[in-house]
Amino acid sequence: MFQFVFSRAYCTNNIRRKWKEFEKTLGCAEEGHPSLGDPDWASYTLGVFICLSCSGIHRNIPQVSKVKSVRLDAWDEAQVEFLASHGNDAARARFESKVPSFYYRPTPSDCQLLREQWIRAKYERQEFIYPEKQEPYSAGYREGFLWKRGRDNGQFLSRKFVLTEREGALKYFNRNDAKEPKAVMKIEHLNATFQPAKIGHPHGLQVTYLKDNSTRNIFIYHEDGKEIVDWFNALRAARFHYLQVAFPGASDADLVPKLSRNYLKEGYMEKTGPKQTEGFRKRWFTMDDRRLMYFKDPLDAFARGEVFIGSKESGYTVLHGFPPSTQGHHWPHGITIVTPDRKFLFACETESDQREWVAAFQKAVDRPMLPQEYAVEAHFKHKP
């Protein structure tokens, strides 16, 4: 239970009673997870409870939100009464009344940028009260300049991007006057996920798409946080509208999880070739749904190889350790993936890495395959 600090002039039983009424509805207004524990902060101008992380973002918009600690700061009766007459549920009913189904709602594990722009969109710009303010990501067409990492030299250069739902594609151009795009990324196979640490920029976004049934990565950012989050939600909107046509009987709740996805697991492991006689080499691995991709460098445009991980019903198994007599690995903690075609051997540096990778692989193996995944498996190119 909270130990609240009140100014002496207003430290009354009435105020204490008001606080106690909040206990059953406490939780961070931005994250919607009461199970994470009681929030330590509140905005006395918006009438919401928030966690420590979100309180820092609220402090950056003082013209909209003023915050206090519910444990350490003094509260007067008027402020408590305001909270009592508002609260998290009332704030959501007002400030989230018109959130589009495709708009990404951040979780506590998401990057700072997504959480900040969600809060600014709600309270500062009030985008979910006035739908006309959603035009930058809901119009079905968007163009602008983004910084894109070069595939060969690693330099970020300004490139023109065009998203068109009518053509079902995201395109970018190497020159402003170019008539033909350098690349056309079909919305059908496109994914976007924020990767600030990997890209080295707080607004870094990784976009992936399929080219000749292999995954292609591009890395982009914009100096303005709102701009790159608007691009992200515009891509989700395009995916949403594509899926609505492709699956006309599906509900919004069925489609929203398919709009974008974060990777199940990323990190370094060692691998060996198909004959398992050559030495192990350190590679960067990304587990994207059922595709396990490996790269020489985390920012490579193309994977050196990809492994499809199907279900146990289709003959896929994940094992701790190596087969007997395995040699050549520098890291001690082994993983063996058994597929219908061959065994893949990986080595992890630490036991905790091994546990996390095995859990990610097992999650894929335990999940029954969808009809379209059998088609992917049939055409998949196993690269050693």
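Cβ from N, Cα, C; glycine included.
The structure displayed is predicted, hence computed values, not measured ones.
Annotated domain 'Arf-GAP' per TrEMBL: 13-136, in sequence order. If you look up TrEMBL, you'll see 139-240, 262-366 marked as domain 'PH'.
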In this predicted model, the domain 'Arf-GAP' (13-136) has a mean pLDDT of 85
DSSP puts the residues of the domain 'PH' (262-366) at 19 helix, 41 strand, 45 coil
